[in-house]
């Protein structure tokens with residue numbers, strides 16, 4: 001996940017105070033000259049280095065619990081860019097306002113920090129080990145959940161460092177440090193017997209000194225009376241620059257001989273499973289539509305946010321090779337239990353809750369039961385599409401498990417029991433932060449990018465057809481109007497108009513009955529509008545023909561009050577009149593990802609704290 005300040009030309013990354021001062025000297029030392037750099041003490045924090053009266057001033061910027069950023073005693077801001085913008089207009093306690101950015105020289109990129117260099121590999125290892133994922137499922141999980149996973153692993157990054165020795169006594173540490181050259185500043189770090197404490201062992205003057213590292217009540221690490229740090233690796237990096245209470249600064253690593261093995265199989269943090277309810281009986285149905293994980297002990301405050309990979313519908317039920325042996329389009333009726341619980345109904349018939357019995361497990365399913373009297377042509381069309389849908393496999397679409405021909409034609413789908421997106425959001429403006437909305441829309445974009453890659457046009461993308469598994473996991477559903485394109489086709493022409501959702505349709509769909517992935521992009525823009533308006537109806541009080549005239553006049557729906565300008569800009573691009581000028585879903589997903597990551601990097605606290613961060617940004 002990129003650093004929230006990475007795009008700023010005056011951000012230098014992980015450089016020392018001395019290096020910052022050297023850059024400011026070379027830039028002329030004018031009053032108000034400034035740059036921004038990573039803070040070595042505070043995870044996600046920065047330091048503002050400023051010149052005034054030919055002197056250097058350095059102000060730590062802490063990331064607050066609610067995801068905002070503030071200089072001690074100063075106002076909170078939703079990002080480092082916004083903070084610098086504020087202080088360029090009002091010094092508010094600084095010796096002067098920020099007048100001139102000390103931009104990086106051409107070709108100089110921000111210096112990556114220690115964790116920056118390890119982040120991608122650690123995220124990949126964590127996701128692979130925790131959820132046993134491989135292939136596309138692994139890649140999808142990394143993309144969608146990188147912000148959350150990074151927060152989990154940042155505090156364990158020290159276990160990847162060559163100076164960390166995970167099982168070493170005091171005597172063994174001394175033997176290691178005395179072996180070979182006894183250079184001043186040679187060091188290693190090891191855990192102590194007392195839980196949560198560590199020892200820093202350091203050579204100086206041919207003698208080994210041991211320093212206690214403990215955690216305070218806030219979880220910060222420090223040597224007694226020393227500077228406090230969020231992580232052990234930050235403490236070590238800082239002590240490489242200055243002794244700060246040590247007899248000598250850290251200089252030469254005493255490497256762990258098994259460091260390479262640790263890199264290959266790191267000790268990553270245990271995943272905090274989000275489910276605490278009793279384990280599900282296989283003969284009962286869950287109202288929330290997925291199978292909970294086994295119970296675990298949890299305190300009232302220990303409620304980490306759920307991740308899609310924690311649910312039973314992230315991977316295909318056929319991801320197990322044993323189950324894959326039985327994968328067929330047509331399902332046996334005796335393996336399908338249809339409950340009396342009706343989830344919905346429509347022109348086609350009804351949707352019922354059920355359970356499908358597989359070789360090794362039972363899964364909750366939603367069953368579309370076609371009403372009696374459905375025309376043969378419609379059944380044939382549905383079967384053709386079912387054959388294609390049966391091959392689709394992505395965590396962010398509702399998978400077709402199979403078709404059952406018995407008392408009626410039944411389509412057996414994955415269960416996503418959280419209801420449609422627009423109903424979930426309606427009236428919850430105060431409860432659901434913008435970052436949560438962006439997270440769900442990013443998942444929809446990932447699902448649509450997959451369909452685009454498979455030459456599959458949805459034709460009915462709308463908030464009503466985005467179903468939730470939980471508040472952090474969405475799936476695209478209702479492929480009733482979907483159509484697969486041939487490999488050489490970019491669009492196809494519908495035979496008849498039928499009952500079309502005109503308010504979600506692109507102009508070429510209405511005018512010429514031409515559908516493509518770019519017309520789905522238009523619908524995605526309308527879905528975005530629904531989501532950021534918290535479930536409001538698009539083109540309120542307008543009828544279909546009025547909407548078409550409205551669009552022909554070059555008009556578009558206004559930006560919803562809660563919608564960030566970056567997201568309305570993407571919406572507007574989705575609503576470009578000429579289909580060939582609209583972005584594809586590859587582009588849409590990348591833009592959604594970048595924006596969601598930028599929000600996720602700010603919002604560290606629980607939902608109520610996150611809303612404070614949103615308010616600070618507003």
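Residue positions begin at 1 at the first shown residue.
Glycine residues also receive a Cβ, built from the backbone N, Cα and C atoms like all the rest.
According to Swiss-Prot:
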MOD_RES   248  phosphotyrosine
REGION    270-320  region 'Disordered'
MOD_RES   287  phosphoserine
MOD_RES   290  phosphotyrosine
MOD_RES   314  phosphotyrosine
MOD_RES   318  phosphotyrosine
BINDING   343, 344, 345, 346, 347, 348, 349, 350, 351, 368  ATP binding site
ACT_SITE  460  active site, proton acceptor
MOD_RES   491  phosphotyrosine
MOD_RES   492  phosphotyrosine
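Location within the structure of each feature annotated in Swiss-Prot.
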residue: 248; record: phosphotyrosine; Cβ neighbours (10 Å): 16
residue: 314; record: phosphotyrosine; Cβ neighbours (10 Å): 22
residue: 318; record: phosphotyrosine; Cβ neighbours (10 Å): 16
residue: 343; record: ATP binding site; Cβ neighbours (10 Å): 17
residue: 345; record: ATP binding site; Cβ neighbours (10 Å): 12
residue: 349; record: ATP binding site; Cβ neighbours (10 Å): 19
residue: 351; record: ATP binding site; Cβ neighbours (10 Å): 19
residue: 460; record: active site, proton acceptor; Cβ neighbours (10 Å): 20
Legend entry - residue 351 (ATP binding site) and residue 318 (phosphotyrosine), distance between Cα atoms, whole Å: 23
Legend entry - Using Cα positions only, nearest of the recorded positions to residue 345 (ATP binding site) (248, 314, 460): 460
Legend entry - Alpha-carbon distance [the residue listed as 'active site, proton acceptor'; residue 351 (ATP binding site)] in Å: 18
Inset, instruction - Specify the nearest of the recorded positions 248, 314, 460 to residue 349 (ATP binding site), where nearness means the distance between Cα atoms. - result: 460
Legend entry - Alpha-carbon spacing, residue 460 (active site, proton acceptor) to residue 343 (ATP binding site), which is rounded to whole Å: 19
Legend entry - For residue 318 (phosphotyrosine), the three-state class that DSSP assigns: coil
Legend entry - Separation of alpha carbons, residue 343 (ATP binding site) and residue 314 (phosphotyrosine) (Å): 21
